[in-house]
Amino acid sequence: MLDEQETRSLVEKPLNNSKIVSETPKSPLGFQSLTLVPSKTDLCKAPLPNEEPPRRPRRGSALRQVLIALIANLGPVNTGMVFGFSAVAIPQLMSANSTIKIDSDQASWIASLSSLSTPLGCILGGYLMDLLGRRTTLLLLEVPLVAGWLLIATAGGVPQIYAGRLLVGLGSGLVGAPARVYTGEVSQPHLRGTLAALASVAVSLGVLIEYGGGAATEWPVLAGLSAALPLAAFLLTALLLPETPAWLLTQGKKDKARTALHRLRADTCDVERELADLEAFRANIANLKSSAGPTAPPPKQHSIIKSLFEPAALKPFSILVIYFLIYQFSGVNSITFYAVEVFRESAEGIDDYLATVALGVVRLLFTILACGLLRRCGRRPLTFISSIGCGVTMLGLGTYMYLAKEAKEAGLAPPPSWIPVLCIFG
């Protein structure tokens, strides 16, 4: 039999802050009735009968996503380094004290061979990232980059430089699609637009690195140092980057997709909810594919090509083709690949390497500015401004160089040297 004190302790234990507001006299058998009123604290803590447990936030760790995107975009940095290397290496190779002598034709090949193998890398990269996965492709593409840079650094003749430029161009093409797709698939919507712009910033950063390195050291040393970046990217990708959950789900690896999401979002995020969203999206795609019927044959090659000429695909495809034609004919690659030579021939009285470094800084700053303006101004106005600006400045530079050549042949004073500098920086 429990006495009154024991009864009170048992009653007050689960509701520590409850108060006894009334009690009845003891019965002949020794029982007593107590009336309890829970405190506000106990009422707040006690769950309602139909209340759901609190959900975790949908947004994962922004820091993790930013760091992972930075590692994935080390490849585009190397692409910019490939672009900028010829600008600083060609003048050194054509100098009188160069151990490897080249003429203007060989210089042109050194600058352009990387662009010859880049399209092959683009096609191969898109195929491999679907076949092997985004992370595996990011690892494989570092191999030709490291090999190409080391081949250039140890070159004893022009053929080795040619081979090295072909390899680094192949690697630059391989990295294009996987880096962007990986960044888009591992980042959440509120960060995806900003992180997707990292690729453009990375290319400009790589150009600046080569311009600065070429001004400070010789081209073999610069090529050897450039090999360190893809090597570091390989190690960081192998150690820190998981495969994208979207690709893992397409392979039927749900448990691995969940593990990858935990690594990408941290434990504070509602991983199960995001995983369910990804599965629902994949199911919708599967339903669309099966809408033609369960026995519908896979599309043939000619039907795929025919679909490209339908209005729904032809119009956006034409816009993209025109956009990239404008980009290529703006002269950006000519200036990037031959920056030192352009400054040397068009702007007298200035340090050509210092001007090249300044050009790289301006390019990087305005790339960052353009990425920030994309969300505020939109793509269309920036495209018109950029296209018109590039056309006017390239026309001004070409006119200046023509007039300078005519003036030199006629023995007249050349036009002011600040004009080409203004056009190039514009």
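Placed from the backbone N, Cα and C atoms, the Cβ positions cover glycine too.
Marked as compositional bias 'Basic and acidic residues' by TrEMBL: 1-11.
Annotated region 'Disordered' per TrEMBL: 1-26, in sequence order.
Among the features that TrEMBL reports, compositional bias 'Polar residues' is placed at 15-26.
The annotation transmembrane segment is assigned in TrEMBL to 66-89 (among others). Residues 110-111, 114, 138, 141-142, 145, 152, 165, 168-169, 171-172, 175-176, 178-179, 182-183, 186-187, 191, 195, 198-200, 202-211, 213-215, 219, 222-223, 226, 229-230, 232-233, 236-237, 240-241, 264, 333, 336-341, 353, 356, 360 of the same chain lie 6 or more positions beyond the ends of the transmembrane segment (66-89) yet place their CB under 8 Å from a CB of it.
Summarising the annotation, TrEMBL assigns domain 'Major facilitator superfamily (MFS) profile' to 68-426. Taken together, the residues in the domain 'Major facilitator superfamily (MFS) profile' (68-426) have a mean pLDDT of 87 on the 0 to 100 scale.
The annotation transmembrane segment is assigned in TrEMBL to 109-129 (among others).
Outside the transmembrane segment (136-156), and at least 6 residues removed from its termini, the chain residues within Cβ reach (under 8 Å) are 72, 75, 78, 85, 100, 121, 125, 128-129, 163-172, 174-175, 178-179, 182, 219-221, 223-224, 226-227, 230-231, 233-234, 237-238, 241, 243. Among the features that TrEMBL reports, transmembrane segment is placed at 136-156 (among others).
Same-chain residues lying 6+ beyond the ends of the transmembrane segment (162-182) with a Cβ under 8 Å from its Cβ atoms: 72-73, 75-76, 78-79, 82, 85-86, 109-110, 113-126, 128-129, 134-135, 137-138, 140-145, 147-152, 155, 196, 199, 223, 230, 241, 244. Taken from TrEMBL, the feature transmembrane segment covers 162-182 (among others).
According to TrEMBL, the feature transmembrane segment maps to 194-213 (among others).
Marked as transmembrane segment by TrEMBL: 219-241 (among others). If you look at the transmembrane segment (219-241), the same-chain residues 6 or more away from its ends with a CB under 8 A from one of its CBs are 68, 71-72, 74-75, 77-78, 81, 85, 88-89, 92-93, 135, 138-139, 142, 145-146, 149-150, 152-155, 164, 171, 182, 210, 213.
Proximity of distant same-chain residues to the transmembrane segment (317-340), defined by a Cβ-Cβ separation under 8 Å and at least 6 residues beyond the stretch ends, is recorded for 83-84, 86-88, 90-91, 111-112, 115, 207, 211, 214, 308, 352-353, 356, 359, 383, 386-387, 390-391, 394, 397, 424. Here TrEMBL flags 317-340 (among others) as transmembrane segment.
Tertiary neighbourhood of the transmembrane segment (352-374): same-chain residues 84, 87-88, 91, 193-194, 197, 200-201, 203-205, 207-208, 211-212, 214-215, 335, 339-340, 343-344, 382, 386, 421, 424-425, selected by CB-CB distance under 8 Å and a gap of 6+ residues from either end. The transmembrane segment annotation in TrEMBL covers 352-374 (among others).
According to TrEMBL, the transmembrane segment annotation covers 381-403 (among others).
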